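Quick look at what TrEMBL annotates:
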BINDING   Asn108, His113, Glu118  oxalate binding site
BINDING   His111, His113, Glu118, His163  Mn(2+) binding site
DISULFID  Cys32-Cys49  disulfide bond
DOMAIN    63-217  domain 'Cupin type-1'
SIGNAL    1-22  signal peptide
Amino acid sequence: MALKYFVLTIAILAVVTSISHASDPSPLQDFCVAVEDSKSAVFVNGKFCKDPKDVTADDFFRPGLNVPGNTSNQLGSVVIAVNVNNLPGLNTLGISLARIDFAPYGLNPPHTHPRGTEVLVVLEGTLYVGFVLSNPGPNMKNKLFTKILHPGDVFVFPIGLIHFQFNVGKTKAVAFAGLSSQNPVVITIANAIFGSDPPINDDVLAKAFQVDKKVVDYLQSQFWWDNN
């Protein structure tokens, strides 16, 4: 199993590296290990660079992706991200990784990564995945692309587009995702719209979704789970 995870991770990173130029800028040095302390450091890509003489192998290392995440939540899924915030050696390298665990019928809800393309590969289980294109011309609907994925299948979600993954099986599912940004961030659509702080004016949402304000008020009163 350990070898499987290793080979899978290398494959994802190889694919994402080939497309990473479309997002984060290329580095101008071998590395820029992120550090919070600004003393004796240079600011690059939103992070301070650690003094090269103080850099160690641990700055490029993070264990634990072999450990399943806790899916005991309303969505039945959890995302374990590896990005510049917890692996400082990724700074300026234009790449990151995530493990996604699904309970039976668990969902990684519609969301978007504004800064990165995502390449997903399924390791266990069966996932129904898809993404929606940006707004088309007048009197046209946003086109939806979907696919059922099995172990070993790969699917790509273009940068910035709304996408989702749903476990349609009766058993758990596991997938790994490579992203073409050191910090692609995530915007979960339902959370952002109905769980913002402060709340979006209900008149705005009622008109946007063409529903009664009571429906909007109900949705805004719910707890919107964040699986990241």
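Note that Cβ sites are derived from N, Cα and C of the backbone, with glycine treated the same way.
Sequence-distant contacts of Glu118 (oxalate binding site), defined as residues of its own chain at least six apart whose C-beta falls under 8 angstroms from its C-beta, comprise Val156, Phe157, His163, Ala177, Gly178, Leu179, Ser180, Pro184. Cβ neighbour counts within 10 Å, taken over all protein chains shown, single out Cys32 as the most crowded of the disulfide-bonded residues Cys32, Cys49. Comparing the binding-site residues His113, His163 on other C-beta atoms within 10 angstroms of each C-beta gives the minimum for His163. Using a 10 Å radius centred on the Cβ of His111 (Mn(2+) binding site) and all shown protein chains, the other Cβ atoms total 21. Recorded residues Cys32 (disulfide bond) and His113 (oxalate binding site) have their alpha carbons 23 Å apart, per Cα-Cα distance. Note: Asn108 (oxalate binding site) has non-local neighbours Leu75, Ser77, Val79, Ile100, Phe102, Phe164, Gln165, Phe166, Asn227, i.e. same-chain residues 6+ apart with C-beta under 8 A of its own C-beta.
A gap of 25 Å separates the Cα atoms of His113 (oxalate binding site) and Cys49 (disulfide bond). In this model, the domain 'Cupin type-1' (63-217) carries an average pLDDT of 97. Using the Cβ center of Asn108, His113, Glu118 for oxalate, the list of other same-chain residues with Cβ within 8 Å runs, in sequence order, Ala98, His111, Thr112, Leu120, Phe157, His163, Gln165, Ala177, Leu179, Pro184, Val186. Residues Thr112, Phe131, Phe157, Leu161, Ile162, Pro184, Val186 surround the recorded Mn(2+) site, their Cβ atoms falling within 8 Å of the Cβ centroid of His111, His113, Glu118, His163, which are themselves excluded.
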